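Participant: Here's the feature list from TrEMBL:
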type	residues	note
DOMAIN	332-683	domain 'RNB'
BINDING	Asp344, Asp353	Mg(2+) binding site
SITE	Asp352	site 'Important for catalytic activity'
Amino acid sequence: RRGNVFAGKFRVNAHNRNEAYCTIEGIPVDVLITGPAQNRAIEGDVVAITLDPVVYWTRMKGQNIACNPATGGVSVAREVSETNGNHSLKKGQADASCRFEKCSNGQPVPDRMHNHHKNSGFSQAVICENGHATVPANYEDLDEAKTEFARAVQRICSVIYNHPSRRPTGKVVSVIKKSPRRSTVVGFLAPFSDFPDGEQRNQMNVQGSKRMNHISSSIFTGLVQILPTDPKFPQMIVSISTLSDGIKQRLKEGDTTIWKELVAAQIDEWNEESPYPWACVVQFLGKGGQVETHMDAILFENAISDVEFSPESMACLPDTCWKISQEELGARKDLRNVLTLTIDPPTASDLDDAISIETLSGGIVRIGVHIADVSYFVHPETALDAEAQIRSTSVYTLRRKVSMLPSRLSEELVSLNPGVDRLAFSVIWDIDPHGSIVNRWIGRTIIFSCCKLSYDLVQDLISSDSSQFRSAAASLQVHGMFKHEDVIKSLRCLYEISKNLKDIRFKGGALSLDTSKPTILFDEDGAPCDSYRYKRNDACFIVEELMLLANMSAAEVISNAFPDCALLRRHPEPNPRKLKEFEAFCAKNGFELDSSSSGQLHLSICRLKEELQDDPVMFDILMFYASKQMQSAEYFCTGDLISKKDDWAHYALSIPLYTHFTSPLRRYPDIIVHRTLNAVIEAEQMYLKQRKISTGRNGVKATSCEVASRCFTGLQFSKDAAESKEGREALSAAAKKFKVPNSEDLGEAAEHCNERKWASRRAEEAGQKLYMWALLKRNETHVCNARVLGLGPRFMSVYVPKLSMERRIYYDEVEGLSTEWLEATGTLVLDACRNRPQKRGGQFRCSRAIEEVAVVVNPSELMLPEDRDESGATETVESVLLSDEAVKVEVAPAVLPMVISYLSDIPVVLHAIGGEDCPVDIGVRLYLSSYFK
């Protein structure tokens, strides 16, 4: 209550597990927690912490200029692209010595200015009694604590502003809420060994850096250790007695292959007497180094289950002979005679959105977005609904899809396939030639899609290239009453409208950080064979703009009708300190940046793109930097922020209200939004009917405008109608009928959906990395250029453009390589060294082989261009790019001595690391030429 204990989420530095950070609401700098002060906390725990006196605070690293594009934040491009189900991709398939660099853990950081749901345990003042921290359950008791918390935060901020070069440090007092990741540990077993000097066994010194095949030692101690693949987790101890009989037998027989198998485990306890947590193995996943095994591991560590749906869930689906009833047809608006189509990747099987277009008089165009009516089949409080909510989202990992809903529902009954009648939830707008919306209708419909189009096909159909057009038109398949010419004309009209909507959106201050992304290609056997950089075309933006508009319309309607229990999606403004660091970085490199608003930031980026036409790599780096300054978008219940409506806004889109409505086949929040919209529509009908009856009873003739007006779902929301007795009763009754969650339940659901979405994102990114690793392993090595981002005496950070990733190269204490770090100029000099390793403290330094750091070739072995033979052979490497860029590229090795400075381009070799008995990774080594090879 004195405001000296705070709650926050424990985040571990992936580069140095001895460092962890906690975010306290209202404090602009994360609190650093190191070593013993971590007090047995695990990545993702919600912990109670106390701050150290300012004299113990550490100095900020580097110059507080974040130059690592691979850490922290979230991609704005990803957030915006998810509005259309990420059609274009998913559905088809810290070190003090490093200058300028600042480490982070790469996880979504909670917004410092947002009070999360009251049950989430985030960033509140806590009561600490007898060493145990708790969050008061009674909010009246919490008022005093909140007041003390606000005063404490004000005091801490004052100290921070007076000591801008120092970072607050603290210690963990207690774990308030254990992280779910304690139950999803993946790693390799390794032998356990006592201290070599004979110290007592219960000291539990686990040596994880070396694999000693002393199985006899493990048998003697009765213990083995787990070396987690995630560097944020500590080594763990497992009692052999908890292993299966088969594993015990293999250990007794001295089977060393057991150390090369990935295991799934969970942390049982971590008592004060043990320096490491105790864990138990729950499953052997398989042999390391195999893609399927590592994919299973990725799913397990993110708590993603790909088991079949339960019989109880499947029983919720209608019979195989189900057809739309006449009663249902009569209750819906019939749009089967309106030209409707879908645009998706060619391999998409779950089509959850369609677009329609009609031309009206006066230049008005009627555009419809039609979403698969999943809520018609998935009812609240059923087994199917419960399972869908637990899964919360579909997960796409290139070669494997884990669906939120059964395929019979998502690919057959609900999917908006062409040539069949389908139930839909629609938003329809009348748009004038200026792009202004003059009318809106929302409701349940029945539609008939006349064709399924791919993005590439649509791009060809709207293209001015006559040959591309003719080829695309010939492959167009149209069902029903419409002709090829109708579809082509509609697509071109949709394209013009989407361009207009996009221009209006960006003039309103929206932000785009869209860049091309690496995408893996697979051969006939399903093995990764190549990769290319995918860039979205104009066809993608047709879908994106209309889905954004539908989501905004849904958000407006449900938040107006149910201001206390609407599920919205917010995107907080970037942390001001991080934005200032980004501005400083740009200024240092001669780039002008205005980050005063999302719109000004977008304009600055557009100018930078023009300036850097001749240096696309630098522009890519800036886009990564900009993305990593962003906070994560999140679902929230409006009731949790009812007094802070400014915090409802979406920064990147520059709009006050936003939600997810357009992908109910793969996102559970969309199903909640559909049910809430249904309740609003029902309430509107009930209210208008009651008004008609009441005005008739009073002898007052109701005007047709008053009765027919869409008071809740139209462009103008009638607050008077909603707050009237009839309106309140109608909204309450409709909410009960469609089981709209109350504020508390909805807040908990939002927290769960956020956690599942982040887990899905981690799995998808890990899957991308895994297949890139497999591709490099198959091709052994790949030579390319990289850009130096961070530089110091021990390591450098480089950005690899072709893979859009950042990696480190450590070059300290390498046998045969000398390093000279010139601090004054920020320059590194590398040269060959034939001297013996230097001594430190009377002992030789532990040197690494140069092969770990560089691929060194002898100049005499290289074939220079002028030495090519008649066949034109040369020292080349396959480009990672395909199509027009699928060419042989020459990458010359650097010559020693090598002078490296900040933002230098250097040749590197990419290669696959680990897999068989250690984590999968993509390594980068210098590509050098030296006669001393």
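Using the three backbone atoms N, Cα and C, a Cβ is placed for every residue, glycine included.
It should be emphasised that the depicted structure is a prediction, and the values quoted were computed from it without experimental measurement.
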Participant: Which whole-number mean pLDDT does the model give the domain 'RNB' (332-683)?
Facilitator: 93
Participant: Can you count the other CB atoms that lie within 10 A of the CB of Asp353 (Mg(2+) binding site)?
Facilitator: 25
Participant: Between Asp344, Asp352, which of the recorded positions has its C-beta surrounded by the fewest other C-beta atoms within 10 Å?
Facilitator: Asp344
Participant: Could you state the whole-number distance in Å separating the C-alpha atoms of Asp352 (site 'Important for catalytic activity') and Asp344 (Mg(2+) binding site)?
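Facilitator: Rounded to the nearest whole number, the Cα-Cα distance is 10 Å.
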